[in-house]
Amino acid sequence: IKVLDLPLETGLVAEVGQGDQFVAVRTDIDALPIDEQVKHEFTSTNEGAMHACGHDIHMASVLGVAVRLKEIENQLNGRVRIIFQAAEELGYGAVKVANTGAIDGAKAVLGYHNYPTLDIGEFAVKSGVITSSVDRFEFKINGKGAHAAKPEQGNDPMIVLGQLINSVQSIVSRNLSAFDNAVVTIGEVSCGNTWNVIADEAYVQGTVRSFDEDKRVLIEERLRAIGSGLAEVFGVDIETSYHRLPGAVVNDEQLTNDAIAIAKEVGYNVSVMDKPLTIGEDFSGFSNKYPSVFVFIGSNSEYDLHHPKYDPDERILEKVPDYFVTFVQKLLNEN
């Protein structure tokens, strides 16, 4: 199996077959900074590193796809580029691969994620947006500290903090239509460290989940406006940061229909999702540039993704290669 020479620090793109047209199949490969609490012969031996999102399952299954495709290489009507992609959890791995140009001209990019609340043999997908964008925001409020008994000598960032929290939580309810969906959640707040001192600074950070780029832009603009407005009103300095992480994954309609048909053909129990998930997935780095379809396949774990006791059922490996190999052959045999 050929490995392409690409400027990637981690990960690789392999290739099977020959000809002009090609299809790409992607797996993520990174772990999480979690101490694994599940005992298996393949339990992580690196302290503080665990495949708590099942990327080891993804790698194993897509490696199986590569081996199967190599076995039938002479029967392929084109090439298959197999992406072993790093940094999915950081949100930029797919974009880094896409920026190498290795996937330019792809007929389709195919991917999947195991899903612990789906049983073995279950398969879920939808056309259009299937996962939300994931962004992070931060506010650093710099006021003026003082003795708690002499507030007039300072500029209390705690007061600004309270106003900021209320303002941020009004964005979804007052700036978006009732027909739009988004989540703005504050996850961390800090200010001061004792009972009788007015702090000189405060800090807030949180996340935004949205499904539409226009709403994503609007929310970022409102967060920045809230920061600058409160800074002016209260005479403090507020540093507002907005970090764009993975965008929304958008499935191609025809490829989604193909995925449903092929999943049924290889024996999956298929369900069509009625709404997208508010989880992040950097496969958007591919779906924003190339015709793509991303699906969820059941892994039946008692504990959810990113949990130290996450333990996917290995039987998920039985059908995944069938799905991808059949899909690849169909796409390469189309005119």
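Cβ coordinates come from backbone N, Cα and C, glycine included.
Annotated features in TrEMBL:
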- CYS53, HIS55, GLU89, HIS113, HIS306: Mn(2+) binding site (BINDING)
- 136-225: domain 'Peptidase M20 dimerisation' (DOMAIN)
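Where TrEMBL records a feature, it is marked here on the structure.
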residue : record              : DSSP class
CYS53   : Mn(2+) binding site : coil
GLU89   : Mn(2+) binding site : coil
HIS113  : Mn(2+) binding site : strand
HIS306  : Mn(2+) binding site : coil
Among HIS55, HIS113, the most crowded of the binding-site residues [Cβ within 10 Å]: HIS113
Segment confidence, the domain 'Peptidase M20 dimerisation' (136-225), expressed as mean pLDDT: 98
Counts by DSSP class (helix H/G/I, strand E/B, coil) across the domain 'Peptidase M20 dimerisation' (136-225): 33 helix, 33 strand, 24 coil
Distant-in-sequence Cβ neighbours of GLU89 (Mn(2+) binding site), under 8 Å, six or more positions away: ASP28, ASP30, LEU32, CYS53
Cβ-based isolation winner (fewest other Cβ atoms within 10 Å) among the binding-site residues CYS53, HIS306: HIS306
Additional residues around Mn(2+), ordered along the sequence, whose Cβ is within 8 Å of the centroid of CYS53, HIS55, GLU89, HIS113, HIS306: ASP28, ASP30, LEU32, HIS51, ALA52, GLY54, GLU88, LEU305
